[in-house]
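Novice: Structure incoming, see below.
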Amino acid sequence: MSSIYTLNLTALLALNAALFYTRQKAHPTPSTSKPSPKPNPKPQNASPLQSLLTSPLTPFLTVYTLTMTSDWLQGPYLYPLYTSTHLLSPSSLPPLFTTGFLSGAISGSFIGSLADTYGRKKACLAFCLIYALSCLLTIISPSLPVLFLGRVLGGLGTSLLFTVFESFLVSDFKNRGLEGRLGETFGVMSTLNSMVAIASGIGGEWLVAGTGTNKAPFWLAAGVLMVAGGVMKMTWKENYALNEGPDKKRDEEAKEEKSLFKTLSDPKILALGLSTTVFEGSMYLFVFFWAPALQSSSSSSSSSGTSLPYGVIFAAFMASTLASSLIFGKITERLPFGSLLSSLLGVSSLCFFLAASYTSSSQFTFWVFCLFEACVGMYFPTMGFLKGKLIDDGVRSQVYGFLRIPLNVFVVVALLVTGRMESDKAFVGVFRVCSGLLLLAAGGFWGLVVRKSGGDVQVE
């Protein structure tokens, strides 16, 4: 059983190698045979990744890579840490995971406002400290109160990670006059994130094998976060909502409150929020259910009962994400961002429908999941660009935070409902609901945003 998945992973890695080669060939490194009289010439034919890694944006990308490394290091080992190391009963796991999402939902109502008021760099530094503490609380004791506190901090940290970093980047781009490179930059971030996920998965596996404990990735993640905080403190410049600090905030409080609710009531923002909630909520539920879905398909197509190679399968999913991020730039040259998001929602809906309807072939299910992961690889840079264009900078972090509230509530409700299901086919019902909601979100975004703007979001 493992050999076929290894072959699948090899094929996906070969595809990525070919895409990297093609991309490099399209953007060759400038010849050095004729040196330029300028001390630091900018490569005219450099690829997006090359140009961004040698630009003033390097400090941000460095910190982003480190923070995502910390997230990917610990993610795959949270469940085995609880069950194998801390020896928790299965009944105590759903409340722990639910606590994390509830913490994210509650914190989403205020962390954005605090970041806009007191500085987004400070909020990103706070993330490094909070997430590191979450890692330490998760491993130092099997006591449930300590573990619950760790999940509370983990939920708060996750809200910060997916709110203030992106807000800082968009605001910084606007201050530098680099708005035209937002889509390109989000594409590079998606590529880096996929590469980090693959490396962290393999590195984490080696680390656990070498140390003999599931705690090791959490220790390393906490250390990586401290390094990220140090780099951030030395290289980042602070930015605020509307380029204002806390001294001016009080005089603008009423005005910004009105702007916040006006933004949230905009039909375009509502469509964006629905798309965020449904897609990312479905993605989180996919994380919980892809393993039982593949196991069920494997049992239906084989009677051997062989355990699936989950590490290889996870790496294959990340390779699919990486491949889609590598072609993201070419696709956006031909398809507007708004139309692309509607298409991604529609294709994802089809993926969940197929996964729920055809459960007798593990290989069919595997490739359907790879297609969904490819959608994930293009979704995040697309959504990052659209939020950067549609949301006013004065309330950016606040709106980003509020958009995560229904997302976390959606996941909590889904987990509570499915937690009461006794069937090992509970994923079928979950996938069908996700398919219907994704189709609804695709239609809503196309009708409220794409059709009214003539195919794309208009840049003001």
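Positions of Cβ are set from backbone N, Cα and C atoms, glycine also.
OK, TrEMBL features for this one:
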- 51-453: domain 'Major facilitator superfamily (MFS) profile' (DOMAIN)
- 26-51: region 'Disordered' (REGION)
- 1-26: signal peptide (SIGNAL)
- 92-111: transmembrane segment (TRANSMEM)
- 123-142: transmembrane segment (TRANSMEM)
- 148-170: transmembrane segment (TRANSMEM)
- 182-204: transmembrane segment (TRANSMEM)
- 216-236: transmembrane segment (TRANSMEM)
- 269-290: transmembrane segment (TRANSMEM)
- 310-328: transmembrane segment (TRANSMEM)
- 340-358: transmembrane segment (TRANSMEM)
- 364-386: transmembrane segment (TRANSMEM)
- 398-417: transmembrane segment (TRANSMEM)
- 429-450: transmembrane segment (TRANSMEM)
Novice: With pairs closer than 6 in sequence left out, are the transmembrane segment (92-111) and the transmembrane segment (310-328) joined by 3 or more CB pairs under 8 Å?
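Specialist: Contact between the transmembrane segment (92-111) and the transmembrane segment (310-328): absent, because fewer than 3 Cβ pairs are under 8 Å.
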Novice: Which bits of the chain, at least 6 residues beyond where the transmembrane segment (364-386) starts or stops, bring a Cβ under 8 A of a Cβ in it?
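Specialist: Contacts with the transmembrane segment (364-386): 5, 8, 12, 166, 170, 182-183, 186-187, 189-190, 193-194, 272, 275-276, 279, 283, 286, 290, 293-294, 297, 313, 316-318, 320-325, 328, 331-332, 337-338, 340-341, 344, 347-348, 351-352, 354-355, 358, 457.
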Novice: Can you work out which residues elsewhere in the same chain, 6+ from the ends of the transmembrane segment (182-204), have a Cβ less than 8 Å from its Cβ atoms?
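Specialist: Sequence-distant neighbours of the transmembrane segment (182-204): 48-49, 52, 57, 61, 64-65, 68-69, 72-73, 76-77, 169-170, 173, 217, 311, 314-315, 318-319, 321-322, 325-326, 328-329, 332, 337, 377-378, 380-382, 384-385, 388-389.
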Novice: Determine which residues of the chain contact the transmembrane segment (269-290) at the Cβ level, with the cut-off under 8 Å and only residues 6 or more beyond its ends counted.
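Specialist: Same-chain contacts beyond the ends: 101, 263, 317, 341, 344-345, 348, 352, 369, 372, 376, 379, 383, 386-387, 390-391, 399, 402-404, 406-407, 410-411, 414-415, 426-427, 430-431, 434, 437-438, 440-442, 444-445, 447-449.
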